[in-house]
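Novice: According to TrEMBL, the feature transmembrane segment maps to 30-49, 69-90, 111-132, 152-174, 186-208, 235-256.
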Amino acid sequence: MSAAKDYQDPPPTPLIDVEEFTQWSFYRAVIAEFVATLLFLYILVLTVIGSSKLSDTESHCGGVGVLGIAWAVGGMIFVLVYCTAGISGGHINPAVTFGLLLARKISLIRAVLYIMAQCLGAICGCGLAKSFQKGYYVRYKGGANMLSDEYSIGTGLAAEIIGTFVLVYTVFSATDPKRNARDSHVPVLAPLPIGFAVFMVHLATIPITGTGINPARSIGAAVIYNEAEAWDHHWIFWVGPFIGAAIAAIYHQVIIRAGAVKALGSFRSSSAV
């Protein structure tokens with residue numbers, strides 16, 4: 001007699017679910033993604049500008065530096081995911097949304113609206129930051145993602161792919177219903193590992209690309225700064241995160257959760273009947 005499962009996977013979300021347009025919770029979730037991404041870019045850009053300003057003045061502390069920026073970004077993601085997880089899932093990143101779409105955790109309609117809201121929120125957040133410190137915003141290039149001169153395009157692309165893989169894989173692991181049931185005796189707050197993943201990826205990749213791993217973050221800064229150098233390798237900050245998110249989704253669903261093995265076992269059982 002086999003033991004009963006102590007968890008239950010939700011069924012795959014329909015790819016097209018037009019009923020979502022009739023639900024207030026859907027529009028509330030889209031608004032939450034817009035506001036969260038706006039706040040995220042506002043804090044991120046002002047932190048980068050403030051750090052650069054203090055470093056240039058050669059003050060005693062020299063600004064918060066890479067470590068401080070990474071803490072600010074990771075901490076803000078922790079706060080925003082905690083605040084919005086129960087409303088929209090707390091994506092705040094088109095790459096996360098894309099990964100969850102591939103895993104059939106959300107519908108295509110929701111994914112498209114989320115990505116639009118995230119990008120618009122990022123643009124508004126950068127615009128708000130610029131309105132507060134316009135002179136410094138232009139001087140310090142608006143916190144826009146750019147490939148450092150010391151690194152090749154391949155290195156920058158790889159950094160974005162691997163960094164986004166770390167983030168999206170962490171999202172899948174932190175929200176896995178099987179893991180939550182198995183480790184229910186260990187009260188781990190899901191936003192915490194997600195924030196730490198963002199923090200550690202920033203430490204590793206700020207010197208290479210300024211750390212994108214979030215296409216909304218990259219396009220928001222590029223649109224408001226709007227200089228040629230911000231657009232030179234902008235495609236890296238879309239292609240890299242989307243590839244990284246796709247790899248993370250496939251790895252978690254097929255390898256970690258053994259999706260292919262389960263499907264094959266179910267097929268064999270049906271054939272034997």
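Cβ coordinates come from backbone N, Cα and C, glycine included.
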Novice: So what's near the transmembrane segment (235-256) in sequence-distant terms, Cβ-Cβ under 8 Å and 6+ beyond its ends?
Specialist: 93-96, 98-100, 102-103, 145, 147, 153, 156-165, 167-169, 171-173, 176, 209, 212-215, 218-219
Novice: Taking residues 6+ outside the transmembrane segment (69-90), which of them lie with a CB under 8 Å of any CB in it?
Specialist: 28-30, 32-33, 36, 39-40, 43-44, 47-48, 51, 100, 106, 114, 189-192, 194-200, 202-203, 206, 211
Novice: Which sequence positions outside the transmembrane segment (30-49), separated from its termini by at least 6 residues, show Cβ-Cβ distances below 8 Å to it?
Specialist: 64, 68-69, 72-73, 76-77, 80, 83-84, 87-88, 90-93, 113-114, 117-122, 124-126, 128-130, 132-133, 136-137, 140, 142-143, 216-217, 220-221
